[in-house]
Structures are given as C-alpha cells and as structure tokens.
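As recorded in Swiss-Prot, the features of this protein are as follows:
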{"type": "ACT_SITE", "residues": "98", "note": "active site, proton acceptor"}
{"type": "BINDING", "residues": "266", "note": "heme b binding site"}
{"type": "SITE", "residues": "94", "note": "site 'Transition state stabilizer'"}
C-alpha cells in the first residue's frame, strides 16, 4: 500500500508535542515543587517592546477624552447585547467590582491591578457570567487608545464613569495598572474541584464551626464574595451576615464600608434570571472557537435583554436602577420582604404589598413594572443588628452615604495599586489615606562621599555583619509585589506592630536601631533611619565580599522616608508579619505546608526568580543571618564571609545526609561518621530538587566565586529597592 495513502487520517502532530493530552511532570509527581510560580509574566509572554513603559505611556493619555467616550458608550445600546433600560452602567460597575473584588488582604493577591479578569479561571467563574460581554463592549475604546490604556485601568475607569454618569460624585481615579498576558499561577483560589461546591463537600474551604481557610475571602469556588441566595444556597440573612463580615474583613473593609459597598453596588443595575440556567451554553474557556471567547450564550428566546440569565436571581433592587439615589434603603427598610423563587429557580426576597410606583419598570417596556428584589446579602443589611444601625444612618443621611460609598469604592478599586506614589493621572485625590501606607517624602540626596563616610561610621559602630544584614533584610522582606505593600521605605520596622514581631528578634532589633539612631543624631546632614538601615546592610555585604576576595560596590540609592506611628494602621500591617522566612531559616511553628513550599510563596511575593532565591539563600547562610544565630545550613567555617561555601559543601559527595528530627538533618562525613553540620528542609532542597540543584552547581563551581558575589549583590539590591517606585 502507498505510504502516503496509508498515513491519511492520522494526527499530523506528534503526541509528545500535544499539550492537551501529554502528561507533565506535576502529573507524575504532584508533590514536586512548582517553581513555575517564580517565572511568570516575563518578556517571553509580553508582546510589548522591550523599552515600553506603561506608566510613561499612560502619562500621555487624554483621560478626559477617554471618559467622554465612556460616557457615550453607557447609553449606546447594541443589538447583540442590549443595555438594560438603555444604560450599561450596572454591567460596567459589576465588571469593575468583580475585577477589584478578588483582592484579599492576607497575601495581597487578586484585585484589579493586572487585568486578570480577561483570563482563566476568572473569565469563566460562575460569578463573572456575562462580564465577557462588558469587556467586548469596551473593546472599541481599548482599540482606540491602544497601549496608553491598559485593560486593567480601563475596567476600573469604566466602573467609575458608570457611577458618574448615573449621578454619583466619585472620590477619584488613579491609573498605573499594567496588564499581564497569561493567567496567574501563584494565586490560590481554593482546593474544590467543582464550581459553587457547598461547604460540606470534600476539599471544602471551611473547617470547624465555619472557619474559612486562609487566605481565601470568597465563600465558594467561583464566587467573588458570598452566595447571594444564602449560605450554601440556603436563605438565612443572619448566617449570611456572618459570611459577609468575614469576607469583607478579609478584603480590608469594616462594617460601615461593607454596608456602603453592598448598598452602593445594588443601587443601580439588576440581577438576571428570566429563564432557565440549563439554556445557557458553557463558560468562555469551554466554548468552541466560533464563540470567539464568549460564553454563557443563551438559547432562551432572544437570549438577551429581558431574557438574560446570569446569576439566576431576577430583578432590580431599586425603583430607578439607572440613577444614583437613596432608593436602596427606602425599599429595604420601608417594606417587609418574603422569600420567592425567580423564573430560573433561585431564591430571592420580594416586597409585600409594594406600591405600584415603587416598582422598577421593565428593561425593555416602560409600561410594565416588576417587583424589586433583594438577595440574602441585602437582607443581612436589614436583619443583622450592626448592619441595620449603619443602614438606618445612611437612609437618614443620603449625603453621608454617598460620601462613604465613594471613598469605599475608591479603596476597593485601588487597594492593590500600592502606595500613592504609584498613582497616575489628573484625578488622583490629594488626601493621604492611612490604608495607602503613607510615607513622608524626603528633601535630601546623599552624595557618593556622604555614602562612603556613613558606611565607614556604621562598620565602626561595633555592630556585626550578621546584625546589619539581618536588620536590613527584616526591614525589606515585608514587601509583596501582589499589592505593593511593605518594604524598607518608611522604616516601619521601628514602629508597632513590626518592632514586636517575633521574626524580627525584638531585642536584637532594638540594639541595632539604637546604634543607627545615635549615628543619625550625630550627623550634620539629613538622613532617614530607613536609609541607614539599608545602608548598614549594604556596608556589611560589601565588607563580607571584600573578605571573600571580591571588591564590589553594592548599589545604594538614598531617598527613603521615615513613617510615623500615626501614619501606620497597626491592624492593617499585622497581615504583613512573617510567620516563616527561609532566607533566615526560620518559621514560627510547624505548618501543614512544607517549609520549601512556604519559601516559594514568600519568594514569589517578593518578586524573585528561582536563581535569585538560590543565590540569596546561599549568601544569607554564610553571612550568619539565620534567626537567633542558628547554625542550621551554615555550611562554612568562615561565617561572615560572602563565599560560595554553602553550595560547595551542599554538592560535595564527601558528605551523607540523614534526618535528625522534625525538619532537622545532619550532614555527616562519610569517612569518619562525624557530624559536620546541621540543616533544614529549605537548605537541603537546593540539593534534592533537580532544578534548584542545577543552580546550586553553578555557584559551587571553581570559577563561580565572583559570579556568586555579583549575583548575590544584584538580588540583594533588588530586595532592598523593591518598594522604591521612584527609581523605576
């Protein structure tokens, strides 16, 4: 038979290259370290030119022109997705809300800062149903302004303009959110294997009475906040209130902000459930190519307009859903409500004996009126005693409600943008807000001669290399690239709560701070404690490198300010407390998660790569920077010298490695049986993991002594400057 003919009908692609069917390493070894979380959003996935800087591009944007286009869009109803009552405001607000609403304060991940709603899993979450249509409506505007306006900024701006177009005076808007180009790999959304799995299912995010797993804020896989029908879909406003309080607290919101956001979000727009959920097609990620990235395509009637199905709940909350007013509280508090089922079979609350004029009109026919609705979450604003007090206050004082909501909305949509120094645009509010972690600007810059003299003073102060290195590290390590909080700028390590954190070794910390403060007091020129802390670490690293035979100047840029206690929200900063730090070979207690996995999580938050993590661990060990001076992992006889000894001895087959207790190992000389060193899992993983060992071998080579020092200095400087947005 002809060979060409016999091959017809076979797959033209070798299955080894078919990513949809191949078995990858994590399938074979699911407990292996997932180093991929350290290698995201690099130039290989970024289509922009290497010199492109989004912040600089945004500065050239005509924001007023963009807003005018958005105002026009709000009432330019499209046949393929008609606007309710001829106004897209409610849809745009929901899109912006759900973009920002994934933020959680525990690890700073989620939120609106990256435009991640465009990608899986968020683009296909049940709670984000039909937001694909909102983004498609925005496409002409994104297309028009191009690279000057990111999707991340446009999504939030559209929500702001939607409110303004309906009568709310917003608090402000800041740009500066750069887009990502593929789904995030580091965010833990929960371990459930099905959408909207109830809390009694396997892999539940709940334990005990109803303890929500940290760092999660949403109550179900695929939801942004709480279940609108009630806990696990069972209506009970008081139980729902408990969920709301926990969820919003984990988003850094207090009770007043929670009521304001709930009411303000439901003052406009409507829920959609006028049909059966089974008429909806699959979510975007599961749809076929002809859907072109859209999902939830509705086969019921026209499938749009009054036939739209989204959450399954059907109706508007207020009489005038395209106007900013106090109608939410008028209806919620002015009527008694009873449970009903929507046409889609969802639980919702409807008013008893409502006046005809209080009913909102149909989205297409103004001669028809329908009952307003409330979700179980809305009823919690009435039934929970604390929420009720706030609701009544807002009802009696609409102006106060509008102000509180505008501020809470700004906080919701800007919380993960970081400090005010990252804000861009003409609508940035002048006021400094405590949740922005304000830091005073400095009015000095140290010259090279000043820096050299200060380093000499610090090294002559009697403080050890380890003391200087650990203090600088502890000050800087709180930075997290998820929401741009923490870092050495502000020197908050000298303030509550950081000065008392166990991981900061308060006694050692106060000793170092006193010496640095005395140096500061004796100077004729201005210099902040924040700068002195980092400069102390810089001087120590230079000295340790010199002692290793490598002369190198560690980069240092002055300009850090010193925050005050009044500028510091103690409760808000509590979430930044390190409970583990592999770089200092310490964790507060044993956790379910292995120490090396905790190391990866912390490393990712700090914005470091796998090889930067590797070189920093090796350097910190030989510098003697372990917590409380522990000897674990200090594979050197020259402590305080920036040598590659950690890697040389880790990869030396003259030694054998044996467990000696919980997270403790002994390094034994094979010939003599003598215990040479001790180590933890985060030390040995650099020899056991094949990828990390490949990096360790690079630094263990005979020709790597200078490369090791240079790479350590580069990674060290990156950590010290992680929060120096003024240097970017």
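Heads up, the Cβ atoms here are built off N, Cα and C, so glycines get one too.
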Distance from residue 94 (site 'Transition state stabilizer') back to the residue listed as 'heme b binding site', taken between C-alpha atoms, in Å: 10
Sparsest-packed among the recorded positions, when each Cβ's other Cβ atoms within 10 Å are tallied, from 94, 98: 98
Local backbone state of residue 94 (site 'Transition state stabilizer'), from DSSP in three classes: helix
Protein Cβ atoms within 10 Å of the residue listed as 'heme b binding site', excluding its own: 25
